[in-house]
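Q: Just lifted these from Swiss-Prot, have a look:
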CARBOHYD  ASN109  N-linked glycosylation site
CARBOHYD  ASN141  N-linked glycosylation site
CARBOHYD  ASN183  N-linked glycosylation site
CARBOHYD  ASN286  N-linked glycosylation site
CARBOHYD  ASN311  N-linked glycosylation site
CARBOHYD  ASN346  N-linked glycosylation site
CARBOHYD  ASN405  N-linked glycosylation site
CARBOHYD  ASN423  N-linked glycosylation site
CARBOHYD  ASN527  N-linked glycosylation site
CARBOHYD  ASN782  N-linked glycosylation site
CARBOHYD  ASN808  N-linked glycosylation site
CARBOHYD  ASN833  N-linked glycosylation site
REGION    1-15  region 'Involved in virion budding'
REGION    576-598  region 'Fusion peptide'
TRANSMEM  66-88  transmembrane segment
TRANSMEM  961-981  transmembrane segment
Amino acid sequence: MAPPMTLQQWIIWNKMNKAHEALQNSTTVTDQQKEQIILEIQNEEVRPTRKDKIRYLLYTCCATSSRVLAWMLLVCVLLIVVLVSCFLTISRIQWNRDIQVLGPVIDWNVTQRAVYQPLQTRRIARSLRMQHPVPKYIEVNMTSIPQGVYYEPHPEPIVVTERVLGLSQVLMINSENIANNANLTQEVKKLLAEVVNEEMQSLSDVMIDFEIPLGDPRDQEQYIHRKCYQEFAHCYLVKYKTPKSWPTEGLIADQCPLPGYHAGLSYKPQSIWDYYIKVEITRPANWSSQAVYGQARLGSFYVPKGIRQNNYSHVLFCSDQLYSKWYNIENSIEQNEKFLLNKLDNLTTGSSLLKKRALPKEWSSQGKNALFKEINVLDVCSKPELVILLNTSYYSFSLWEGDCNFTKNMISQLVPECEGFYNNSKWMHMHPYACRFWRSKNEKEETKCRPGEKEKCLYYPYQDSLESTYDFGFLAYQKNFPAPICIEQQEIRDKDYEVYSLYQECKLASKVHGIDTVLFSLKNFLNHTGRPVNEMPNARAFVGLVDPKFPPSYPNVTREHYTSCNNRKRRSTDNNYAKLKSMGYALTGAVQTLSQISDINDENLQQGIYLLRDHVITLMEATLHDISVMEGMFAVQHLHTHLNHLKTMLLERRIDWTYMSSAWLQQQLQKSDDEMKVIKRIAKSLVYYVKQTYNSPTATAWEIGLYYELTIPKHVYLNNWNVVNIGHLVQSAGQLTHVTIAHPYEIINKECTETKYLHLKDCRRQDYVICDVVEIVQPCGNSTDTSDCPVWAEAVKEPFVQVNPLKNGSYLVLASSTDCQIPPYVPSIVTVNETTSCYGLNFKKPLVAEERLGFEPRLPNLQLRLPHLVGIIAKIKGLKIEVTSSGESIKDQIERAKAELLRLDIHEGDTPAWIQQLAAATKDVWPAAASALQGIGNFLSGAAHGIFGTAFSLLGYLKPILIGVGVILLIILIFKIVSWIPTKKKSQ
C-alpha cells in the first residue's frame, strides 16, 4: 500500500484534480493547451493556506483503508462506552432511589397464644381397618423475645479481679518424724515409707522441675528452721567429763517384768527384753554362765559389749522421751514445737551448748531440769540404752537372795510386815509372792549328764526360781505385797556433762555455711555408727561415740555440690522458661503476672508475704488429726488419705487448704468469710519442683515447691442472666435477612431491685467466671446518646428454621415460615403441653414441676426501622449500621449506607443475577422499570444464557484483565492516529 502524499504533492494533486474537472467540461481548450496548463500547475510554486493545511490533515487521517477502519473502530468503542455509561448512570440513579426508600419497622414485645387441634386416629375394636379421628387439644404458648435476645440463667458467679497475689510454699514430708510421733514399729515404718514414696513418685512423674522468680527458699530463715527442726529437733550430743563405761556385764532390774507368753495378764513388750538371759533347762556338759555372760546372772539382763565400751566419750541421742513435764504428749505437735523452741532459745547463748540449768541434777550439779527430766526407776525397762549410757549412778532393784546379805532367816527383821511369816499361818492370808525372794540360792552351779551324753545335760544354775513369777519384781515395785527389796547404788561416771543441741548447731551453722552443707555434714554425723540415730525408735535412739569431732567440718563448697551440679545446671538451662515454651508447656495460666508475685505495696501484706508463716510446712503440721493417738496402721491409713488428696488437688492445680493457714491470710487481707470462700475456690496452685531429699529402707523425705496464685475479688456478681442473641428475620426486596442487634452487654445482673447490664473483658473460667474488667453499660433504645447499638444483617436462604431447646423445657424458635401457628420472622419461646410436630421436629412438653421464673429481664421498648435494601446490602457486603430508637436519625444511617453502596462495583459477579437483583430492588419503587430489568435478566439467564449470559458472566469475572488489555490497545490506537498528523518536518 502506497504511503500518503506530502503536503506539496497533495496540493499539486488537488489542483490537478480541479484542473482535470475544469478542462473535461471545456471544449475550447485544445489538448496541447491542457498539457501546458498541467505543466504550469506542476511547476508552480505552492504556498499552502490554512485551509489547505486543514484539508490536508483530514486527508492524512483517512488516506488509506486501514486508517478508515481504525476510525470506525474508535467510533464504535466510544459509542459502546457512551451507551454503557448511560446504562450505568440510569441504573445507579434507580439504585439510589431504591436506597432512599425506607424499609420495614421491627417492633418487639408482642405476646401471642394459639391453640390448634391436630387429628389423631383411634381404632375401633369391631373393625381393625376402620379408624376415626379423635381430636386432642394441644396448647402452644408463644412469647416473643424483646429485641431478639433471650436471657437464660447464668449460674456461675462473676468475680471482678482487684489484684492477683503470688505466694510460695515448701511442703516437707519426712516419714521418720511421722513414725516417731505415731510410735510405729519398724515394719510399719517401712510400709509408711513405701506409701509416701509411691504417692510422691506418682506426683513427680507428671510434674516438671523449673524455677520461678521467687528467690531460693533455702536462704530464708523459716526454711532453715523447718529443715533443721525436721531432721534434728530432738537430737543432742552429750559429752562425758571423763570417759567411763558400765562397770559390770550384768544389769539388775527386777522392777521390769520378764518376757514370754504367760496365762492371764500380758505386758507390753519392753526394750530391755532384748538383753534378757533366759534360764535353759539343758546345757552342754560343764557349761558355765560366767564363761559366756561374765558376771551377768541367768534370769536377769546383760549389758552388750557394743554399749559397754571403756573409750566412749560422747553419747548421741535423738529422742523426745527425756523432756520434762513441759513437753506433754497431750499437747498438739505445734504446741510442743513452740515450747521446745522457746526453751532452746532461753537455754543457749549464741551456740549449740545448753546451759547447765537445762540438765537434770544427775548430769550436773547446777542442773534444774529446765529441759530434761530425771531418769526414773522404770526407764531402764523401756530405755535401757539411756540408763546404761547416760546414768551417772544406778540404783539396782533386786529381789535375789544374797543381795544386801538378805536371807530367808532375816526377812522378819528386814521387812516388818513379814515378821513371823514362816512360823504361823499368816502367809495363808497374804499374796502368794509376799515375803519371798525372786531368785533363791543353790549350793553351786553344775550340770548333770547321762552316761555318754555331752550336749544335753540338766543344768542347775547358782540362783534359780520358777518362770511363773515373771512379774514378781514389777508387782513388788508397785508395793502390791511386802518383799525383801535390795536397793544398791552404783556409781557409773562423773557428773558435769556438756550437752549440745544439733538443732541449734544446724540453725546457726546454716547462716554461715548454707543449709545444704550443714545438712550434709550433720546427717553424716548422725550416721557415725553406720545407722542413722534419728531413724531408730525414740526409746532406743542412744549410741556411744569415741571422740567425735563436733561441730563437724563444713566443707567450703557451693550449694550445688550437694544438690548435684549437673541437676542444678539442667534446671537452669533445660528446664527454664524458654525450654518450657519449646516443649509446649505454657505457664501463662499458672504465672500470669510475675511482677505480682511479691505484692508488698499493701501495708497489711508487707510482713505477711515476706514472713509467710506457712511458707514452709511439714506434713505433721497439716494433718487434720493428731496421729500420735492412733494405732500404727490407722496412722498410715490416715496419712495415706491426706497424701492422696494432696496429690489429686495438685494435679488439678487446686490448693489443699489443709496445708495453708487461711486464718492468717484472712487477717492480712481483711476479708469477710464469704469473700474468703471465693478466694479459696478460685485460687490456683502450681508445683514447680518435687524432689526426694532422703531415702532408706525405713525412712524417706520429700520436698514439694508450691506456688499459689490468689485472686483477690473486688466485687462478686450473683444472680446473673446470660445473653443469647437469636435475632430477627426480615423479608425485603426478595431477600431473606437475619438481623441481630449487637447489644453492648453479655450479662444482666439483678441485685435487690437494681438491674445492671455488664460488659465483660478479659475473662476466664475457673469454676467461677473471673474477669479483669467489668463495665456497667446502658441497654439499647433508651433515647440517650450512649444507647445506640450496631445492627448486623446477614443474608440467609429460605426456608430458614432455627430451633434451640432451652433448659426449662421450652424451645426457642426462629423461622421464615409458619407452622403450628407459630408466627414467622419473630423469635419466640414455644411451650407445649403434649408432644407435637412442628417444622418437622418433635416438640415435647417440659417437666411437670416446671415453673416460670420469677424474674424476667425487662428492656426498653425499641422500634427499629431498616433500610429497604437491607437484604441486598447484607448479600453484597456485610455492612455495620448503627440503630437508634428515633426515626429521624435513621436517615443519617441510610445516607452512610447509600454512600457505601454507591462505592461498590455492582457489576461484579453474574450479570444476569445482578440485573434480576436490581429488578427485585426496584419492584417496590418503579414497577415498570423493574419489569423491564426483570425481562432483560430473564432473557440473559434463560434463552440466551448460553451465549450472552455465560459470555457476560465470563466478561464480568475477566473484567480487570479485559479492561487492562482494552486500555493498552486504545492507547496504541490513539498514538497511531496521532502519528498520522503531519508535523512541520513532514510538511516541509
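The backbone N, Cα and C atoms fix where each Cβ goes, glycine too.
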Q: Near ASN833 (N-linked glycosylation site), meaning Cα within 10 Å, which of ASN141, ASN183, ASN286, ASN311, ASN346, ASN527 (glycosylation sites)?
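A: Within 10 Å Cα-Cα: ASN141.
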Q: List the residues of the same chain that sit at least 6 positions away from ASN311 (N-linked glycosylation site) in sequence and have their Cβ under 8 Å from its Cβ, in sequence order, or write 'none'.
A: PRO243, VAL546, ASP547
Q: Whole-number Å distance between the CA of ASN346 (N-linked glycosylation site) and the CA of ASN183 (N-linked glycosylation site)?
A: 29
Q: Which one is it, among the glycosylation sites ASN141, ASN183, ASN286, ASN405, ASN527, that lies nearest to ASN808 (N-linked glycosylation site) by Cα separation?
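A: Answer for the nearest of the glycosylation sites: ASN141.
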Q: As a test of the contact definition, list every same-chain residue at least 6 positions from ASN527 (N-linked glycosylation site) whose Cβ is closer than 8 Å to its Cβ.
A: VAL533
Q: Please report how many Å separate the Cα atom of ASN286 (N-linked glycosylation site) from that of ASN405 (N-linked glycosylation site), as a whole number.
A: 28
Q: By the count of other Cβ atoms within 10 Å, pick out the sparsest of the glycosylation sites ASN141, ASN346.
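A: It is ASN346 that, of the glycosylation sites ASN141, ASN346, has the fewest other Cβ atoms within 10 Å.
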Q: By the count of other Cβ atoms within 10 Å, pick out the sparsest of the glycosylation sites ASN183, ASN405, ASN808, ASN833.
A: ASN405
Q: Could you tell me how many residues in the region 'Involved in virion budding' (1-15) are helical, how many are strand and how many are coil under DSSP?
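A: The region 'Involved in virion budding' (1-15) comes out at 9 helix, 0 strand, 6 coil.
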Q: According to DSSP, folded down to helix, strand and coil, what is ASN833 (N-linked glycosylation site)?
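A: The three-state answer is coil.
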Q: Round to the nearest Å and give the CA-to-CA distance linking ASN405 (N-linked glycosylation site) with ASN183 (N-linked glycosylation site).
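A: Cα of ASN405 (N-linked glycosylation site) to Cα of ASN183 (N-linked glycosylation site) measures 42 Å after rounding.
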Q: Between ASN141 (N-linked glycosylation site) and ASN183 (N-linked glycosylation site), what C-alpha distance do you get in Å?
A: 73
Q: Under a three-state reading of DSSP, tell me whether ASN346 (N-linked glycosylation site) is helix, strand or coil.
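A: SS state of ASN346 (N-linked glycosylation site) = helix.
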Q: Taking the Cβ of ASN286 (N-linked glycosylation site) as the centre, how many other Cβ atoms fall within a 10 Å radius?
A: 11
Q: In this predicted model, what is the average pLDDT of the region 'Involved in virion budding' (1-15)?
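A: The average pLDDT of the model in the region 'Involved in virion budding' (1-15) works out to 71.
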